[in-house]
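What follows is a set of notes on a single structure, which appears directly below.
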Amino acid sequence: MGEKLAGKPVVQSLRENIISRVEALKEKEINPTLLLIRVGAREDDLSYERGILKNCDLLGININVLELPVTVSMEELTSVFEKANKDENVHGMMIFRPLPDHLDIDVIQNLIAPEKDIDCMNPVNLERVFEGHSTGFAPCTPKAVIEILKSYQIPLSGANVAVAGRSLVVGKPLAMLLLDENATVTICHSRTKDMPAVTAKADVVVAAIGKAKFMDEKYFGEHSIVIDVGINDDGNGGICGDVDYDQVFDKVKAITPSIGGVGLITTTILLGHVVQACENLTSTKKKPSLV
Ligand code: NAP
């Protein structure tokens with residue numbers, strides 16, 4: 001019988017930690033502040049934004065949303081980042097993607113100051129992940145996977161972990177974070193020969209391939225711990241994971257649900273990064289004297 005690895009208790013414990021750190025900052029009259037930059041009004045962005053606003057409210061994090069027209073030029077956007085990089089009252093910032101075609105993402109990602117880059121857009125932060133430095137900001141989804149595994153006390157040191165997917169936002173950085181935890185990592189992708197033979201042998205399998213319910217019972221064994229990162233259209237107006245949860249649930253040791261699993265944690269990780277950025281940027285500011 002499989003165990004459901006729900007994201008909710010993980011979020012709860014992360015929130016408690018963040019709230020106490022926000023309180024400590026506010027005691028020093030520092031308000032951790034996020035600048036959210038949105039170009040246009042895509043429904044996906046608006047929905048993500050609503051989630052971030054709600055969570056900021058809950059955690060006591062200040063948020064400013066800058067809405068720019070879809071016609072915004074590279075020059076205008078560059079000046080927005082330059083200003084925000086210098087602004088002492090902005091501790092973390094992110095811009096929703098994808099951006100309109102006329103905006104060059106390769107240029108934009110380098111414009112965000114690494115110390116305020118809470119969504120790991122600047123290659124400097126990704127490089128730190130690959131170098132094994134914990135000083136930067138890792139991408140939120142891979143970090144959410146590590147949090148869920150740690151929170152459920154799943155041993156990673158020496159464990160065999162198979163990561164299905166090698167994108168730069170999920171699979172590759174996740175493999176690096178798992179290596180930092182001393183796991184033995186195998187990365188699978190679309191050219192992997194006989195992927196079920198690889199994943200079924202692993203202690204932990206992370207599914208991040210972007211294919212609805214693609215991984216069925218042949219990819220796992222009774223010993224498998226399954227972390228499903230996938231968010232896919234299920235063809236019936238809903239969403240589903242990369243793993244066929246209903247078919248697999250009873251046949252593995254533990255599995256994250258496709259809704260309420262990894263995806264539930266990522267916004268909290270993102271906002272934890274705002275607090276981390278704020279702590280780093282203001283670490284020399286003393287608590288105000290009472291006299
Ligand atoms: P992606 O950029 O499309 O990458 C998919 C990866 O899966 C590629 O490396 C691809 O291999 C591999 N792949 C595709 N089909 C495969 C197959 N049949 N067998 C083995 N490997 C296969 O996707 P992504 O951005 O990494 O996202 C992956 C999933 O995670 C998506 O469902 C996405 O929606 C979800 N996601 C969730 C969150 C969250 O917060 N939970 C955040 C980001 C993404 P090749 O490299 O060989 O093409």
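Just so you know, glycine gets a Cβ as well, placed from its N, Cα and C.
Residues or ranges marked as domain 'Tetrahydrofolate dehydrogenase/cyclohydrolase catalytic' by TrEMBL: 5-119.
According to TrEMBL, the feature domain 'Tetrahydrofolate dehydrogenase/cyclohydrolase NAD(P)-binding' maps to 139-280.
Taken residue by residue with DSSP, Arg166 (NADP(+) binding site) is part of neither helix nor strand, so it is coil. Residues or ranges marked as NADP(+) binding site in TrEMBL: Gly165, Arg166, Ser167, Ile231.
Non-local neighbourhood of Gly165 (NADP(+) binding site): Gly171, Cys188, His189, Val206, Ala207, Ala208, Ile209, Gly210, Val229, each in the same chain, at least six residues away, with C-beta under 8 Å from its C-beta.
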